[in-house]
């Protein structure tokens, strides 16, 4: 049985979480989650890292998440999830300081050493972040009362989205005005300190003790796979993450190289518009989750998000200021729907007894299979499709020539659509309303 916090202790702890993630979002809006933000992408371009190598860096970042499995036992058995969270969190954030210093110590002509150094540090940093994720999810599962989860997480998302929108614009303006590797180094050091401040806030957070009836062992790893419904969740979200992340390493590359967008334009027309839409919609999403359940919200949100890559195909250097905001507006409204729903399901479909192990399996499979594999296959797709499509010179929408970015976006659109229609509806959730019944009542 879990001893939940109540009253003043609960309110104080929940407030610290919001302050922490607000500071942390300044970090993540810059470097990405776990990596691949707009500023980091432009940093990689400036260092001469091509599309394929960039995809490999992001793949290695995801592969680091395998380490969370042995740590899930340690978190559960030791009862020291707070100290494990703090140590791993500081490692993850502060490793971006040596990454920031790479251009100052390695000559720009030594591109292979730059690539290897960044890839190695990113992999270690991301491995630490995967441990943070398991500890954080288990901690929040113990801390946040079930009755307020939709409202609380929507409020949290709204507040940290505001910080992300404002910091994104400031970062974009800074890099566009001071576009040198030294200034990138300064930026990453500053945001690493913001990330460390995020983790520092958790020092003051209460960690409800968990009474465990038995020690967890390697056998615990099998438990989620015996749970047919949780296994459906793992498979569905892994496939969805694959479809979501197939173009992720290359979207900012597309904006920078193909659309000739400045970093400020990227943050303004892409992330700021998306964040503004999220701020306006996230409270309604949270209420919908509390009222109807996570499953119907996830189904609707994922179906609509599936259409976004098709819109990207119409973007050119002459019309991106119309196409990209439309895509970002739709993303901002519906992205929180599946993000919060899947997070809630991963935590509360897991039994308390094995929650940490369930979440570790969920996070590893949805990351390594869903994200890492998509980054890797996307990288190889771009590598082999590029010369073929250059030679083909096939006509495309509004006078464009079909290129490797367009081909990847079309593939992503089809993949997401199939997954949202076929797999996500297979997830079951007790007390969730049927989507058909909701539509009938509304009509």
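Glycine too: its Cβ is placed from the backbone N, Cα and C atoms.
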When TrEMBL marks a stretch as transmembrane segment, which of 206-224, 320-338 is it?
320-338
I need to check the long-range neighbours of the transmembrane segment (297-314): which residues 6 or more away from its ends have a CB within less than 8 Å of a CB in the stretch?
240, 243-244, 247, 251, 254, 285, 288-289, 323-324, 326-327, 330-331, 334-338, 340-342, 345, 396-398, 405-406, 409-410, 412-413, 416-417, 419-421, 424-425, 427, 435
Which bits of the chain, at least 6 residues beyond where the transmembrane segment (402-424) starts or stops, bring a Cβ under 8 A of a Cβ in it?
235-236, 239-240, 242-244, 246-247, 250, 253-254, 258, 298-299, 302-303, 305-310, 312-313, 378, 381-382, 385-386, 389-390, 392, 394-396
Please check if the transmembrane segment (181-205) comes into contact with the transmembrane segment (230-252), where contact means 3 or more CB pairs closer than 8 Å and the residues in each pair are separated by 6 or more positions.
no
Using a Cβ cut-off of under 8 Å, list the residues of the same chain at least 6 residues beyond the transmembrane segment (14-40) that approach it.
57-58, 61-62, 64, 93, 96, 122, 125-126, 129-130, 140, 143-144, 152, 155-156, 159-161, 163-164, 167-168, 171-172, 175, 184, 187-188, 191-192, 194-195, 197-199, 201-202, 204-205, 248-249, 252, 255, 263, 266-267, 270-271
Give me the stretch from 112-136, 230-252, 264-285, 320-338, 359-382 with the greatest number of Cβ pairs under 8 Å to the transmembrane segment (157-175).
264-285
